[in-house]
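Have a look at the structure below before the remarks.
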Amino acid sequence: MSKRTFKIVILPGDGIGPEVVAEATRVLEVVSASSSDVEIKLETHDFGGCSIDKHGEPLTAATLEACKLADAILLGAIGGPKWGVNSKVRPEQALLALRKALGLYANIRPANFASDSLLAYSPLKPSVARGVDIIVIRELIGGAYFGERKELGARAQEDAAWDTMIYSVPEVQRITRSRRQVASPDPPLPVHSIDKANVLASSRLWRKVATETIQNEFPQLKLDHHLVDSASMLIVANPKKLNGVILTENLFGDILSDESSVIPGSLGLLPSASLAARPLWPNTAHRRSSPRRVYEPIHGSAPDIAGQGIANPIGTILSAAMLCGTRSVWRSPAKAIEAAVEGARRQGDRREGLRTADLGGSSKTKDIGHKVVEILKATL
């Protein structure tokens, strides 16, 4: 029987993106080689700043079409000072356009410690950071980032600029229902909905709809509400109060997910996934049995260390594990990747040489990738 093909589009991006994605790609190649019934087909495309330099735009029609036809997408990182906020064309525009085109409405990002040995690298005191286990679910394609806007100097009122934050009942229902994408222990994780309902009309709608959706569809879940300014203080003062699932809109989620992600001490350690509800294209060429998803590490492009080979690839490798974990045929390889990462981490606890510079070590990006691949090959 011939192997089924699983197409993954690789978007290395900018800065350290190509370096960390290369190690995750090696891991996916090992998974493909070990499978008797599924073959992973990898296809690389320019995205972000490198696409601007080569093609004059951050997301070409060819790259977008490839992403639409893919089963999953693995992204490195985009951006850098070369394409600053005053540039007419910016790498971040590619990410927003991709999210909109693929219907990527929910971003899931964890913030936790793989080991207490990492507590020393947290910016918070160990007594405050120990035991933090937060998952941020952020709405991705609504709110101020996608509302009507006017730039300074454009049209009437040339001395003013604005952005509009709009949410509808279906949009809030959809992101609230995405809570089911997070595996729950027994008892289930509590949900902390974050808004600014004391000021914003869109937040009052958010709070009302989130409450009704949880009560009507997930009555077993414990739900509470926090104002965004209060939640941002809790994340640095007593983050364990927000253990569980943080559910919030686009702008607040952008800020809070970044704030919570630094608690574990290194942005290079954690993965994330952006989810679509269903395939969005009616024509046969774009049909898939499951919605597209984008997987990426939580860190940025880190241009200050790009090209030095010292970036931590663990977050990207774990993003590849998340990618595999969404397919029933690859649940076992996904767990094997996670176990290989844990094995490499344990060796790092004993030997500083298996830690990258962000964790006080001296190992290279490729050293970490090689060790993970070595352990994975022995397991699969």
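Counting starts with 1 at the first residue shown.
Using N, Cα and C of the backbone, Cβ positions are placed for all residues, glycine too.
Source: prediction; values computed, not measured.
Among the candidates R90, R109, R130, the residue that Swiss-Prot annotates alongside R99, R138, D229 as binding substrate is R109.
Put simply, R138 is the one of the recorded positions R138, Y145, P303 whose Cα lies nearest to the Cα of D254 (Mg(2+) binding site). Distances between the Cα of D258 (Mg(2+) binding site) and those of the recorded positions G84, R138, Y145, K196, P303 are shortest for R138. Sequence-distant neighbours of E92 (NAD(+) binding site) (same chain, six or more apart, CB under 8 Å from its CB) are P58, I78, G79, listed in sequence order. Listed in sequence order, the residues of the same chain lying 6 or more apart from P303 (NAD(+) binding site) and placing their CB within less than 8 Å of its CB are D14, G15, G80, P81, K82. Cβ environment of D229 (substrate binding site): K196 lie under 8 Å away, each six or more residues apart in the same chain.
Here the C-alpha separation of A311 (NAD(+) binding site) and R109 (substrate binding site) works out to 20 Å. Neighbour counts of Cβ atoms within 10 Å were compared for the recorded positions K88, R138, K196, and the top value is held by R138.
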